[in-house]
């Protein structure tokens with residue numbers, strides 16, 4: 001049977017696959033995440049997910065490789081992972097009291113087929129005080145997350161409303177992924 005390989009070192013994606021009962025191994029993709037000239041946020045995340053999966057699939061062509069990428073957008077501005085605490089603070093100030101979009105793209109590659117898709121989720125933040133932002137940034141949690149917050153962690157207290165797939169905001173739209181894996185004859189719902 002073909003193995004499923006997750007081309008990501010994200011502990012959140014690993015946890016979501018485990019929770020869903022998807023058997024997998026991890027081989028971290030070494031692809032540099034650079035955003036070129038794309039027409040839309042959905043194109044960006046699907047392209048980056050495909051680049052990550054393709055890099056790992058080159059040496060694992062007999063298996064199924066999953067790649068994923070997540071970005072946050074606000075008013076056409078792309079908010080990736082912050083490069084430092086000052087940038088994290090700036091992003092949180094920007095998102096305070098507003099609705100933003102989270103896009104997660106997924107690529108599934110096998111020898112005979114490639115599937116890419118994305119999910120878009122709207123997230124609305126409460127108005128945040130400077131003290132809340134400073135304390136959160138000091139916790140270091142936002143420093144490795146797109147948009148500078150983790151909805152599954154301390155950042156959850158900032159969320160007033162969500163419209164769409166919660167797990168996509170965490171980093172992997174697991175329900176959709178499980179359905180897409182059926183195209184590759186993998187059905188974890190009966191495992």
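These residue numbers are counts, starting from 1, taken along the chain as shown.
Glycine is no exception: its Cβ is also placed from the backbone N, Cα and C atoms.
Not measured: the values here are computed from a predicted model.
Copied over from Swiss-Prot, here are the features:
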ACT_SITE  69  active site, proton acceptor
SITE      12  site 'Important for substrate specificity'
SITE      70  site 'Important for substrate specificity'
SITE      152  site 'Important for substrate specificity'
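If you take the Cα of the residue listed as 'active site, proton acceptor' and the Cα of residue 12 (site 'Important for substrate specificity'), they are about 12 angstrom apart, rounded to a whole number. Taking each Cβ in turn and tallying the other Cβ atoms within 10 Å, the top scorer among the recorded sites 70, 152 is 70.
Taking the recorded positions 12, 69 in turn and counting surrounding C-beta atoms within 10 angstroms, the largest count is reached at 69. Counting only the Cα atoms, the space from residue 12 (site 'Important for substrate specificity') to residue 152 (site 'Important for substrate specificity') is about 9 angstrom.
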